[in-house]
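Asks: This is the structure I have questions about; it appears just below.
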Amino acid sequence: MNPRREPRGGRSSLFDGIEEGGIRAASSYSHEINEHENERALEGLQDRVILLKRLSGDINEEVDTHNRMLDRMGNDMDSSRGFLSGTMDRFKTVFETKSSRRMLTLVASFVGLFLVIYYLTR
């Protein structure tokens with residue numbers, strides 16, 4: 001056996017333990033830093049998720065409100081359409097009759113009513 005190799009072998013075995021411990025300490029420290037950074041990033045993501053959840057809830061409420069308003073408006077339009085179609089049917093009935101006497105009476109009554117209202121408000 002070579003005497004020179006034995007001290008190197010002994011020395012390397014001595015320093016191997018120290019280096020491994022140093023590496024282990026550095027890697028555990030690095031692991032703790034990574035864990036801390038991950039926790040901060042997770043908290044930031046959690047805040048964003050909460051904000052998005054609140055925002056989506058507000059959007060949902062706004063959409064529901066608009067849908068109810070549009071439904072009411074549609075119902076009002078349907079009732080107005082029914083009223084106007086009834087009025088148009090009455091006008092058709094009046095104008096389809098060939099009686100000029102009836103038409104003359106209708107026009108004269110409108111003109112007379114207009115004149116009475118005009119003189120009363122004057």
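Note: Cβ is positioned from N, Cα and C throughout, glycine not excepted.
Given the structure is predicted, the values throughout are model-derived calculations rather than measurements.
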Asks: Name the residue among S30, S56, S99 that Swiss-Prot annotates as phosphoserine.
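Replies: Swiss-Prot annotates phosphoserine at S56; the rest carry no such entry.
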Asks: Please work out the helix, strand and coil residue numbers for the domain 't-SNARE coiled-coil homology' (32-94) from the DSSP assignment.
Replies: 63 helix, 0 strand, 0 coil
